[in-house]
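Chemist: Take a look at the following structure, please.
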Amino acid sequence: MEGELQHLWRFKDSAEYAQIHFPRLSKGAEATFTGNSVRVSNPDQHKETLFQILQLYSTIDADRSRIEHLPDGSGVLQLRKLVPGEPWPQATASDASSASDGHRQNPLVERQAVEQLLRAAQDGDAEAFSSAAQHFGDSDLSSVKDGNERNALHFAAASGQTEFCRYLLTERGFESDSQDSAGETALAFAAGAGDLTCMRALLELGANAATANSKGGPQAIHRAAHSGSMPAMELLMTEGADVNATSSAGPPLLWAAGEQQEDMVSFLLSHGADVNAVDEKNVNACLMAAATGCRRMLEELISSGANVNIAAHGGVTALHVAAESGHLGIVQTLLQAGADAEAKEQSGQRAIDVAAGARQREVVELLLPRTAPEEGREWSIDALMERAASAAHQDHQHSDCCGCAHEHPNVEEQVDIPEAEDPDDTKGKHLKRKGDEAFVKGNFKAATEAYTQALRHTTSDSAVWANRSAASLRTGAAQDALQDARCARTLKPGFAKAYYREGSALQTLGRWEEAAQAFFQGFRADPQNAALAQAFQKAVQKAREENAQAFSHA
């Protein structure tokens, strides 16, 4: 076993995947990720193998790690890193049946002890905490942490256990400003929840409202801005927090703008927030307002001196974003404020070009007289729309709605639709109804099975694929849900529900930037769909937070 494990760690740190080989692996073998352990069950061998991996959840992507069976009866556990290029973590391995030389040497028992201690803190149960603490003897309990390096104080603050926070700080010797793997403190968790009582207790017992995040991530003031809690923001600023505190995802103003917290944006601007501050990708609040379609917030930013022509990485401006999404009012506001209709993003497209590509005819009409015609080409709305349509299938790179420059293969990717095994539309419709009935009753497994049977008889109904995607996602089969959503989208281009299903599957898989793209495409197809707008905003924020965390590891 040790030799097999060492084979894993001989991979270069730059390798994204690594494999542990099992000479014999049952077809029913499963990998279970718990805490800092991976447990591989091998039923035919009547044993389990435990891999203890240091800080597993901050280094290994459990959702995309999997077991693969080989034709010769062997198999591999394939692990994937969360952050490409990061070093592989430390690890040990043993058979579960022989890993019991005392419970302190058993990784699973150790993990359970950590979970019990942290759960007690989360519940604010001092008696259960003291009982769980016995396992650790004289050890410093503040050093007992989960895979994200969060200790009991983080858990207590996040769940609003004010008195338990006092107990940890006054009787157990915890440090008030200890940071987790992302550099966040207990105060940041309390601020994110808008819990004034807990925030005041932490501040009274030594927490610093202006403590810098050692990883470049959010401080308490960023979390308060994100939550929209005005009392929390006022308390932090009274205690010395900086209204322009930096983070890789931008200052508090950007966190508020990304969540459409209009009142918070107004408050921050009135207290000296830099209206033109940007994040690590050069996205500013003006671009965020354009992306979320919040015209009133955009107007306030402009009246406060916002530069509407700041371009994010990839050359994307607020006008590009508004033009592509079809926010006619936003486009008008930007033009009135001096937005440059000639500005080009990295692939050479101006706002009118992206509007034509997104089939936003009214926006094209508005931009046409404000944009210089292309030499030697017909310059009319119809001509622009036709040229954009003919170029729609060409592979190219451009900046997405989040201000991130990269390829977009997944959101527009067409997938192969299989032929029906036993073509019969009547049977297909009957089985679809059965699936719909099961879904409404909350029996998602039965719904998935019914939709699967329906697809044996008809594969041309996009609704069946979309519905099976929704049911599969609720049974935990996110990858299957993603494939079904793409089938629905392929069959019915512009099907907003299919994009919503695709985005939902991608966010479950933790692929937030792709999820944002999918939700954005769905919103373009159905601009009045509030659920798509909200999902897009959430995915954008999560993508920014994920990028901030990745930046902190750089």
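Positions of Cβ are set from backbone N, Cα and C atoms, glycine also.
Curation does not apply to TrEMBL; its annotations are automatic.
Checked TrEMBL, it gives:
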DOMAIN    2-92  domain 'CS'
REPEAT    148-181  repeat 'ANK'
REPEAT    182-214  repeat 'ANK'
REPEAT    216-248  repeat 'ANK'
REPEAT    248-280  repeat 'ANK'
REPEAT    314-346  repeat 'ANK'
REPEAT    496-529  repeat 'TPR'
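Could you tell me the structural context for the features on the list?
Modeler: Per-residue pLDDT, averaged along the domain 'CS' (2-92), amounts to 65 for this model.
Secondary structure of the repeat 'ANK' (148-181) per DSSP, as helix, strand and coil residue counts: 17 helix, 0 strand, 17 coil.
Within its own chain, the repeat 'ANK' (182-214) is flanked in space by residues 148, 153-154, 156-158, 160-162, 165-166, 169-170, 176, 220-224, 226-229, 231-232, 235-236, 239-242, 245, 247, 549, 552, which lie at least six positions past its ends and keep a Cβ under 8 Å from the stretch.
With a threshold of 8 Å between CB atoms, the same-chain residues lying at least 6 positions outside the repeat 'ANK' (216-248) that come near it are 182-185, 187-196, 199-200, 203, 208-210, 255-256, 258-259, 261, 263-264, 267-268, 271-274, 277, 279-280, 541, 545, 547-549, 551-552.
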Chemist: What parts of the chain pack near the repeat 'ANK' (314-346), using Cβ distances under 8 Å and only residues at least 6 beyond its ends?
Modeler: 286-287, 289-291, 293, 295, 298-299, 302, 306, 308, 352, 354-355, 357-358, 360, 362-363, 366-367, 370-372, 397-399, 401, 403-405, 520, 523-524, 527
